[in-house]
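Read through the structure below, which is laid out as structure tokens, and then see the notes.
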Amino acid sequence: MTETHDPQFNLVVVHPQIPPNTGNIARTCAATHSPLHLVGPLGFDISHKAVKRAGLDYWDYVDMSYYESFEAFEKQLDSKARMIGFTKKGTVKYSDIQYKDNDWLLFGSETEGLPDYILERCHMPAYIPISEKYVRSLNLATAVAIGLYEARRQVGL
């Protein structure tokens with residue numbers, strides 16, 4: 001008998017700046033059993049009370065890794081890893097991507113987004129449409145949830 005597993009998606013947040021956003025992302029990771037990878041430098045101490053409060057009592061259920069730099073993060077990636085970078089500069093609508101088990105969904109900081117040198121390493125630059133031109137971007141935790149739940153929907157989770 002072959003062993004099966006639920007598809008899994010890895011969430012990567014590069015240089016997050018706002019503690020409650022990271023806490024909310026961690027809670028989403030706990031709810032979906034998705035590993036969370038934080039790439040530094042962070043704009044706060046991970047033990048900051050706002051991070052803990054936003055994640056509530058779910059931190060024990062979060063498979064979290066921290067990397068001091070994007071280069072350190074990249075070293076642990078399998079050469080076949082598929083990275084999808086979410087950015088307002090994206091060329092592929094997030095819902096038009098065919099997500100696969102073990103995709104890596106990358107998100108940048110609240111203030112800067114993903115740096116160009118990271119986007120260049122991504123297999124696909126995805127965007128989430130915003131109807132109103134005066135809205136620059138979505139909240140980071142909201143964008144993460146939209147991307148992750150679309151990936152999960154496509155694989156039947």
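Start at 1 and count along the chain as shown; that gives each residue its number.
Placement of Cβ uses the backbone N, Cα and C atoms for every residue, glycine included.
Copied from TrEMBL, the annotated features are:
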BINDING   Gly108, Ile128, Ser137  S-adenosyl-L-methionine binding site
DOMAIN    9-149  domain 'tRNA/rRNA methyltransferase SpoU type'
Self-check item: S-adenosyl-L-methionine site, defined by Gly108, Ile128, Ser137: further same-chain residues with Cβ within 8 Å of the Cβ centre
Solution: Phe86, Thr87, Lys88, Phe107, Gly113, Tyr127, Leu138, Leu140, Ala143
Self-check item: Around the Cβ of Ser137 (S-adenosyl-L-methionine binding site), the count of other Cβ atoms that are within 10 Å
Solution: 15
Self-check item: Cβ neighbours within the same chain of Gly108 (S-adenosyl-L-methionine binding site) - under 8 Å, at least six residues apart
Solution: Val13, Val14, His15, Gly85, Phe86, Thr87, Leu114, Pro115, Ile118
Practice problem: Using a 10 Å cut-off, grab the number of neighbouring Cβ atoms around the Cβ of Ile128 (S-adenosyl-L-methionine binding site), all chains included. | Solution: 18
Practice problem: Averaged across the domain 'tRNA/rRNA methyltransferase SpoU type' (9-149), what pLDDT does the model get? Just tell me the whole number, please. | Solution: 93
